[in-house]
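A quick write-up on the structure given underneath.
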Amino acid sequence: MTGLRSCPSTHTLPLNPTIWNVSPVLWGQWLRAPPKPLQLRQGALASPSGSPSPAFHGDGWRALPGPPSSTVTFSTSFPSTGFPSLRSVMQGIRKAGAELLYPQPKVLTPSRNDVLVLTPWLAPIVWEGTFNTDILNEQFRLRNTTIGLTVFAIRKYVVFLELFLQTAEKHFMVGHRVTYYVFTDRPAAVPRVPLGEGRRVVVLEVLGGPRWQDVSMQRMVVISRFCKQRFLREVDYLVCADVDMKFRDHVGVEILSPLFGTLHPSFYGAARKDFTYERRPRSQAHIPRDQGDFYYMGALFGGSVAEVHRLTSACHQAMAIDQANGIEAVWHDESHLNRYLLDHKPTKVLSPEYLWDQQLLGWPRVMKKLRFVAVPKNHQDIRAT
């Protein structure tokens, strides 16, 4: 779908919430939510596309003394009342003689015939052309979904934060409620980026480990603890992303699922024997050469808060066992993520559109869009203490 369908006798949505069976307060919230105004024609509604705990000790992390370790730097208010159920709202819409317009799905016509769009366990693989943004936006908006986005800006990595947030405001979950959870050891360096309505930044102050590998691995324990301490109460879904990236195109609710992982851009066409899994049987992340579905990158994963809590807790426990046995997985937390997603199949898989490095890999024809891309950097310099 490429936008609004032209139709005769188009008029704007009547501002009378009673005929839609929605309270005036909720009606006002709904009208403010879409990125573009909805329009109504006779019989059809057309939509555009469009504080860490004091127990934080050990493992290289601890709560800092002084000011509160959790501060909201800037935000817009969130409505405290949830939306009615999707069923009740759609019933109200039908009573008013309106429906959402979109092209008919065609059972005999595949959405894509050049890529795999379904895993053997029936999880969708998300590529451009496999989903309808209009339908998905309405479903998640009517549920008043709130999305949390975690990002770690430790030491020199804080320099990437401004571009990350600026591009997220343009492309990430536009029209939906979003909380950016920024974990950093330099809270004063967090930039003030203009935010849309219903979106906020929460700064969570932490200390990193002595090596960049420690920072990478400690994400699992930190996210796990904060899932239990606050995320379960504040958001519905959690997206965990690397900060040295930028959003280049639409990344929306099509990625949301109980548990999702993202295909590594260097291995999406490789044989499993060539995946850089942890191959040593002593490690909890071990995957034999004759096993494995895909190779997932640790730079973008997520799901419901409950599922992310299970994933991060399991990975942290596995890394703790490895540490006690004097072994460290070859790709650190990413190795353990791959082991977990082999044993606990994701309910949605994101294509490499959602994680790409154009400088290294160019732009192959199979990639219709590049959505979340690496920022050029000197790895040796940025990882130095």
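From the backbone N, Cα and C atoms, a Cβ is placed for every residue, glycine too.
Feature annotations, courtesy of TrEMBL:
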REGION    41-60  region 'Disordered'
COMPBIAS  43-55  compositional bias 'Low complexity'
BINDING   Phe152, Ala153, Ile154, Tyr157, Asp242, Val243, Asp244  UDP-N-acetyl-alpha-D-galactosamine binding site
BINDING   Asp242, Asp244  Mn(2+) binding site
ACT_SITE  Glu334  active site, nucleophile
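Neighbour count (other Cβ atoms within 10 Å of the Cβ, all protein chains): 24 for the residue listed as 'active site, nucleophile'. A straight line from the CA of Phe152 (UDP-N-acetyl-alpha-D-galactosamine binding site) to the CA of the residue listed as 'active site, nucleophile' spans 15 Å.
Geometry remark: Asp242 (UDP-N-acetyl-alpha-D-galactosamine binding site) versus Glu334 (active site, nucleophile), CA distance 12 Å. In this structure the residues listed as binding UDP-N-acetyl-alpha-D-galactosamine are Phe152, Ala153, Ile154, Tyr157, Asp242, Val243, Asp244; their two most distant Cα atoms lie 11 Å apart. In the structure as shown, the Cβ atom of Asp244 (UDP-N-acetyl-alpha-D-galactosamine binding site) sits within 10 Å of 21 other Cβ atoms.
Shown in sequence order, Val151, Phe152, Ala153, Tyr157, Phe160, Leu161, Phe164 are the residues of the chain, 6+ apart in sequence, with a C-beta less than 8 angstroms from the C-beta of Val243 (UDP-N-acetyl-alpha-D-galactosamine binding site). A simple way to gauge crowding: the CB of Ala153 (UDP-N-acetyl-alpha-D-galactosamine binding site) has 25 other CB atoms within 10 angstroms, across all the protein chains here. On the backbone, the CA of Ile154 (UDP-N-acetyl-alpha-D-galactosamine binding site) and the CA of Glu334 (active site, nucleophile) stand 18 Å apart. Distance between Cα atoms for Asp244 (UDP-N-acetyl-alpha-D-galactosamine binding site) and the residue listed as 'active site, nucleophile': 16 Å, as a whole number. Of the chain residues outside the UDP-N-acetyl-alpha-D-galactosamine site list Phe152, Ala153, Ile154, Tyr157, Asp242, Val243, Asp244, Val151, Val158, Phe160, Leu161 have their Cβ within 8 Å of the site's Cβ mean position. Summarising the environment of Ile154 (UDP-N-acetyl-alpha-D-galactosamine binding site), the number of other Cβ atoms within 10 Å of its Cβ, over all protein chains shown, is 21.
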